[in-house]
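The structure appears below as structure tokens.
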Amino acid sequence: MEAARCVTFGQYLRPHFYLLLLIFLRNGPHTVEGVWPLPQTFTSSIERSPLSPEAFYFEYGSQSAAQQGCSVLDAAFTRYFPLIFPDYTGNGVLRFYADKPFRLVITVDRDDCESYPNEDSSERYNLSVSARQASLNAETVWGALRGLETFSQLVYQDDFGSYFVNKTEIVDFPRFQFRGILLDTSRHYLPVKTILQTLDAMAYSKFNVFHWHIVDDPSFPYQSRTYPDLSSKGAFHPMTHIYTQSDVRRVISHARLWGIRVLPEFDSPGHTASWGKGQSDLLTPCYRGSSLSGTFGPVNPVLPSTYQFMARLFKEVSSVFPDSHIHLGGDEVNFSCWSSNPDIRAFMKKMGFGVDFTKLEAFYMENIVNITSALNKTAIVWQDVFDYHELRSSLSVVEVWKGGCYLCEVRRVAKAGLRVILASPWYLDQPGPTHNWARFYTVWPLAFKGTEEQKKLVIGGEVCMWGEYVDATNLTPRLWPRASAAAERLWSDEKQTSSADKAFPRFQDLRCKLVRRGIRAEPLYVGHCKHEYQGV
Amino acid sequence: LHCCPLGLLALLLLTLGFSRGLQPGPRDDYEESAETERVFAASKYGSLWPLPQKVKISDVSFKLTGVTFRITDAKGSSSGASCSLLQNAYRRYYEYIFGGSRVQHGAEGRRAGPSVLTELQVLIVSADSECERFPAVTSDESYELTVDQPYAVLKAPKVWGALRGLETFSQLVYEDEYGAKSINSTTISDFPRFAHRGILLDTSRHFLPIKVILANLEAMAMNKFNVFHWHIVDDQSFPYMSRTFPHISQQGAYHPYTHVYTPADVKMVIEFGRLRGIRVVPEFDTPGHTQSWGKGQKDLLTPCYSGDKPSGSFGPVNPILNTTYDFMSKFFKEISGVFPDAYVHLGGDEVDFNCWKSNPDIQKFMEQQGFGQDFSKLESFYIQKLLDIVATTQKGYMIWQEVFDNGVKLKPDTVVHVWIGGGANEEMGKVTAAGYTTILSAPWYLDYISYAQDWQKYYKVEPLNFKGTEAQKKLVIGGEACLWGEYVDATNLTPRLWPRASAVGERLWSAVDVTDINDAFSRLSVHRCRMVERGIPAEPLFSSYCPREYKGI
């Protein structure tokens, strides 16, 4: 294809021809730095096709179930055009290729254009790039989105700014179906703009779940329709530091267009100090000796009013967030306040819990899980709930977060027949020098003793960016590109991606691509990007 | 209504001691982090950072409005409308104080009442305001600030003190609960504890666009730093575009056009710094850390040998060729013209002797000179000649501590820069005992990051905590926070530097007994929000919020 290209140029720009050829001889054909995360099977040749923004078309294949008007794909074409042609300004004058357009033909088997991505959505796609045409086939639009991302990463520019794509065959699908990023909007409020940009960057690394740890002790920014006092009293500021219903809808619809699920977490019974400000009698009053201390502990599990409140709140949350799953938290419950409270102690006695407060927590979580399953939501809980629960039949998905032998816990959960999400090795709020990215890369989620069936229960993993030390000023460089290391672990074949050294050049290339796309992804080591970040 | 002087703080719920979220590892301090909410006490010093030497804030408060408030030259000031440095600063601080709220409806027709402060008069008392000069290590940065009716007065011997005082004035302004700008009646008398308060940025490991450098000069002024130590070149790249040797950046920069600092860029940085009372001290580190120099300057670096053949790789600057010194003469002549500061940093750190050892010509030279196998003598030989060259350009020099350690003869006004961690106190003792002035960086390598509030570690450093006489301690002229560039570029530099460097800023400016970490936390939290409001993405100290969060992405 190089020859063909030269001829094309030769007709119009004879002197240029030799220059190009010279460059070509000196540098050899550009070797594609590659795609991140690495596709499952990938063959490419050095044969390359020139691309011109003036003569490039996305097309729906004639056999495609989705056609023009498909909201997800129409929007994706608009987004990916400038990502594929980052220099294109729209006022080009030269139209060399007008008669020889390049077509990217997209064919999907199902018209799920107006739906939301879910836990079973196929993300598989085939991408075949040849001369002047590429075909992208997928079962679903979500798979097509992943394929578009891959295509955008295959296109590169030479020193003159001309665009090329090499002949390539890709068959690709994710290793794990759940590939998430947790953002914490309670310790620090993150402006909606910051969340939306994170969703963009997630799609660049093929993440598909935004775990929104939306409330916690320090603040309650979610503006509830049913209980507006929760945010008007519990947010850092009732007007400027909240997520209105339309903010939430905007996040969900933006995420949908990228094929990303939004998984809300309303963590209880611990981590709820901010809830208590707008909802009296929800939290347990702590005692000092025989009198009230004036402070409050976890949610009060002995009052019927608690469960009435939770039922109404979760009814609202279930309708606001379309995802089939909901995260109920359940971690780090401090028992000292419960044990100080005489009413709680009386209840413990009545229930025959003795002094085992884990039983009380299990009792509470059981009730909450029942509330959400009545709303047709599958509950995800932090591992504490599993650890405390004797009766585990009500549980479905457990997220493993504690350090130490996290695979031991993964194994225990899988052995109990429950699904597992692994977060322990991916706590990215711990800054650490960047070259530690390999720490997040060389993680082997299935390296535990277990049957095939048990390993299938590991549905994926999650990068956690807790917010104590993170807000809009530093979130992006702290998250990227390190989160992308986890993304490849969760998407790609483990055998092909076992070496961090081998991945390094491709990873550096990704980080410059992210910077080029306006994501403040921090550097991995000394060096430079052709286009540096231009902000402050 | 008795107005709270700390209105800004009152807006902030600084909640320390919340449970810590999901951290892996041992679940420590449950009792300590019980779910009681401690509201962090506001400092009686509001959000002043670094804390002035003497502060008295009264309860009497005045309002300020963007419509009536002016910063003006006082009658009798030796600086006037022609001093663009101050005029620029007046506008800058007016904008910092009033931000976007300049147009206030209904305020136009209102006459200033008795509780409204309408003017800050700036009085430069010394006959030479130094308005047209460059700041120097000897510059007087002291000032006195009186906020009272009928107008506030900022009195300073030189413009440099006025710049510091303007920053302080802007930090006294807060918003009351109705959002009105307010300031309390205050008297401040202030001066820096140390004369050299620097930030090192490294533009070789990663290129930093000019915009980022300028933004950090802004942030430095907000923290009363006064030296930008520009580690401009190193092994990895040579972005400095030399007029005399343009081929060095053509070959040695990451990119000859997009990753270079042109003469105009450098000028802009220097003038931008000058307008904020910040010196620009360039570092051209030799003989090591010079790989990028060699790409465009043949025969400058030592060819390394493997066995009896050149290996094709190069080592430090070749110290045995006359051409090396000819080059250095011309080069530093240019540098001394381009950078107006009285000092240039000559580096001299981390010289790797292996390549010198491998080279037969060097070995022969060693023999001739009677150096034996002591390559530090060869290094000294080189540095000695370099210092002589630089001395002819009328510049003073700064060097990293190794040069002193290796016993190179230094001019008495040399500044020795102590950077090696572990034993830094002993080194400070040794350097000052030998009679040299020194600056400290060892405890302030901000490119090393750790979890949680590491600013406290930097804050707790006491630079004079070494054994030595009073005279020795006087030789410590300050310190520098270093942000080396291996893992830092425009994407993450600013939040990594601020507010962590602010801790160093207060240590170097404020009195020795300003060590209350809780008070510092309270002031610094608000100070960091102020930086955010001024467009600097300074990262948070802990869970909390700013009334106006960072708006960038």
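The backbone N, Cα and C atoms fix where each Cβ goes, and this holds for glycine too.
Recorded disulfide link (TrEMBL): A:Cys113 to A:Cys70, out of the candidates A:Cys6, A:Cys70.
Recorded disulfide link (TrEMBL): A:Cys286 to A:Cys337, out of the candidates A:Cys337, A:Cys405. Cα to Cα, A:Cys286 (disulfide bond) and A:Cys512 (disulfide bond) are separated by 52 Å. For chain B, the nearby recorded positions by a Cβ gap under 8 A, listed in sequence order, are A:Glu332, A:Cys337, drawn from A:Cys113, A:Glu332, A:Cys337. Residue counts of the domain 'Beta-hexosaminidase eukaryotic type N-terminal' (A:35-154) by helix, strand and coil are 31 helix, 35 strand, 54 coil (DSSP-based). On a Cα basis, A:Cys529 (disulfide bond) lies 43 Å away from A:Glu332 (active site, proton donor). Each of the disulfide-bonded residues A:Cys113, A:Cys286, A:Cys337, A:Cys529 was scored by how many other Cβ atoms lie within 10 Å of its Cβ, and the smallest score goes to A:Cys113. The DSSP secondary structure for A:Glu332 (active site, proton donor) is coil.
Checking each of the disulfide-bonded residues A:Cys337, A:Cys512, A:Cys529 against A:Cys113 (disulfide bond) by C-alpha distance, the shortest gap belongs to A:Cys512. Of all the disulfide-bonded residues in the list A:Cys337, A:Cys512, A:Cys529, the shortest Cα-Cα distance to A:Cys70 (disulfide bond) is found for A:Cys512.
Note: the Cα of A:Cys512 (disulfide bond) and the Cα of A:Cys337 (disulfide bond) are spaced 50 Å from each other.
Per-residue confidence over the domain 'Beta-hexosaminidase eukaryotic type N-terminal' (A:35-154) averages out at a pLDDT of 92.
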